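Here's the feature list from TrEMBL:
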- E153: active site, proton donor (ACT_SITE)
- E305: active site, nucleophile (ACT_SITE)
- R114, N152, W313: substrate binding site (BINDING)
- 17-382: domain 'Glycoside hydrolase family 42 N-terminal' (DOMAIN)
- 394-592: domain 'Beta-galactosidase trimerisation' (DOMAIN)
- 602-654: domain 'Beta-galactosidase C-terminal' (DOMAIN)
Amino acid sequence: MPQLSDATRGRVLLGGDYNPEQWPEETWYDDVRLMKDAGVNSVTVGVFSWARLEPRPGVHDFGWLDRLLDLVHGHGIGVVLATPTAAPPPWLGRLHPDTLPVDEDGRTEWWGGRQHFSHSSATYRRHAAAITEALAARYGGHPALTMWHINNEYCTYDHGDEAAARFRGWLRDRYGTLDALNTAWGTAFWSQGYGDWEEILPSRRAHYLKNPTQVLDFRRFTSDMLLECYTAERDIVRRHTPHIPVTTNFMPLWFGQDAWRWAGEEDVVSVDLYPDPRDPYGAQEGALVQDLTRSQARGPWMLMEQATGAVGWRDVDQPKPRGLNRLWSLQAVARGADAVCYFQWRRSRQGAEKFHSAMLGHAGEHGRVFQEVKRLGADLATLGPRVSGTRIEADVAVLHDWHSWWAGTQEARPFAHADLPVVLRAWHRALWEAHLTTDFAHPTHDLSRYRLVAVPQLYLLTDAAVDNLLAYVHGGGTLVCGFLTGIADEDDRVRPGGMDARLRGLFGIRTLHEWWPLPAGGTVPCDGFRGTLWSEELEADGTADETVPYRGGELDGLPAVLGKGRAWYLSTLPEPEALRTLLTRIAEGAGVRPVLDGLPDGVEAVRRGDALFLLNHGRDEVTVDVPGTHRDLLTGEVADGSVVLGRYGVAVLSS
Ligand code: GAL
């Protein structure tokens, strides 16, 4: 199978979405000159070019793309060629209204924006396949081509009639019989029993609470339909160019796709990442998405899009202050990226994203942003040969599963404040701040290479996942689980006793009497810290080695935290510092060490291959003690025992 290294060829790619059709051809010459100046070696072309490539049904205009590919190739720049199927041309919707998606209220989403396609529409799929075929046939042999980029950020829903028909087919494959479906969905509740497949609908507007398993299955179905669209196009380009890697870009921690499953269908896993520069936890948000993407890729990955500054869709939309773009870009490289790319190369003057920043801003080549991109280009050219293709070893895995997220995020639940992303971020932040390098994994993955497995929240656990967790602990691993884990089975049916019995036994819980969710901003006192979001009325079975009790209030004296051998359970979310302290202690007990001891606040350390990345997320100069003598790969300077990092400074030390 082709892979990212076939495109990087020992470099770290720098580039971005390039939309030359928005500009007169004279501008293209300026573009390639400035790309060379900045060290750009990759451009992603054609993402939204369908109307330009096929202005009328079956009539193609490839001349401009021929010239463009030849031009960039002549300047030594590779092309990630996109299929344009995320933005069908207006003629498709007008001639074939069945290609348009329908929302849960039955309203059509019209052309005039983007992503106005129904994943279930046979007509859409046929036209998408045809333009993909034409592109692959024409450009499969072009020497500029380094990678295929299918569609863009698959994220649509469809509740229309064609989707309904496909949903029924999907359900037949899953359940076989209506009886099995009725059992899985618990349709005895509220007179929902189905007597004919034709009665089953997508999850459309209902008067009151919808059947949660129907909603869960509709989410599964939607992810699968989008995946079918992706694999159909992927298979076309693969047939023409089996040696060229294929990707599609994920959105970060995006609800709508089972990204584990999707990643298995990609040669290159890529992601778009837009932390808010004003967010004090922006760097951690980046680290989380980078760790997740690297884990999905099982190695180097591609940062397909990021912004040099403002994005145009935030209420207060500030640019990145000087140095932050470089810092966050090198953070991605530290965490395994072999490509650092942007939306987009040249800032548009028209269209919905004309206020979105770009590598080349409205201020032009003398603008601060472009000058900073040039500096980044120089850094990546220096680092590329040393880090490209190298890997990151983590002793800790955080478990995440989309099906559990989908099942847990429903109406009529007592835990609206305890949403999975909130809890997941809190746990990852604690590990990140403790400098414990962290992978992500699916609950059924082989976990045996990790010393510590952390489960912030897995509301739904299949039997196979429970088996896997138990086998992991019995095999010598250390497991720490948060509340709302192991509550439901595959069909979102609550497990007997309210929580999986084997997990209860593992943690030393006899009975989970009641959940006591906290109001927004509320806390609960525990011995030595305060819990947030959630608390539980637990009865221990007396087998735990360590118990941290609640203190005061209704739960006084009951266990908040239980530790039994190598298995730990947290029935609340300790405040950030307490969570960090607790997870660090558990990690230490499992033999996990931080990347470096004694790091100053705000400094992140990551080892990638034989390079040690030190990243200062603060604006003040800091001195980092690093035992031994090292060379900074970026500056060539020798660091003897310590290294000084300025505002947003980065050092990459070789050992
Ligand atoms: C991404 C998308 C790009 C661009 C970017 C900036 O979601 O893939 O095409 O829209 O956001 O907003």
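Using N, Cα and C of the backbone, Cβ positions are placed for all residues, glycine too.
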Would you work out the biggest C-alpha to C-alpha distance among R114, N152, W313, the residues that bind substrate according to the record, and give it in angstrom as a whole number?
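So the maximum pairwise Cα distance among the substrate binders is 18 Å.
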Which Cβ among the recorded positions (R114, N152, E153, E305, W313) has the fewest C-beta neighbours inside 10 Å?
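Each of the recorded positions R114, N152, E153, E305, W313 was scored; lowest Cβ tally within 10 Å is W313.
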Determine which residues of the same chain, besides R114, N152, W313, have their CB within 8 A of the center of the CB atoms at the recorded substrate site, and list them by sequence.
A86, Q115, E153, A352, E353
Round to the nearest Å and give the CA-to-CA distance linking E153 (active site, proton donor) with W313 (substrate binding site).
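Cα of E153 (active site, proton donor) to Cα of W313 (substrate binding site) measures 16 Å after rounding.
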Compute the C-alpha separation of N152 (substrate binding site) from E305 (active site, nucleophile), stating it in Å without decimals.
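That separation, Cα to Cα, works out to 11 Å.
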Quick check for the class: what is the C-alpha distance, in angstrom and rounded, between R114 (substrate binding site) and the residue listed as 'active site, nucleophile'?
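So the alpha carbons of R114 (substrate binding site) and the residue listed as 'active site, nucleophile' sit roughly 17 Å from each other.
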Averaged over the domain 'Beta-galactosidase C-terminal' (602-654), what pLDDT does the prediction give?
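In the predicted model, the domain 'Beta-galactosidase C-terminal' (602-654) has a mean pLDDT of 97.
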Pop the Cα-Cα gap between the residue listed as 'active site, nucleophile' and W313 (substrate binding site) into the table, whole Å please.
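Here the two Cα atoms are 15 Å apart.
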When the domain 'Beta-galactosidase C-terminal' (602-654) is classified with DSSP, how many of its residues are helical, how many are strand and how many are coil?
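The counts are 0 helix, 36 strand, 17 coil.
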I want to verify one value. Collapsing DSSP to three states, which class is N152 (substrate binding site)?
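Looking at the DSSP assignment, N152 (substrate binding site) belongs to neither helix nor strand, so coil.
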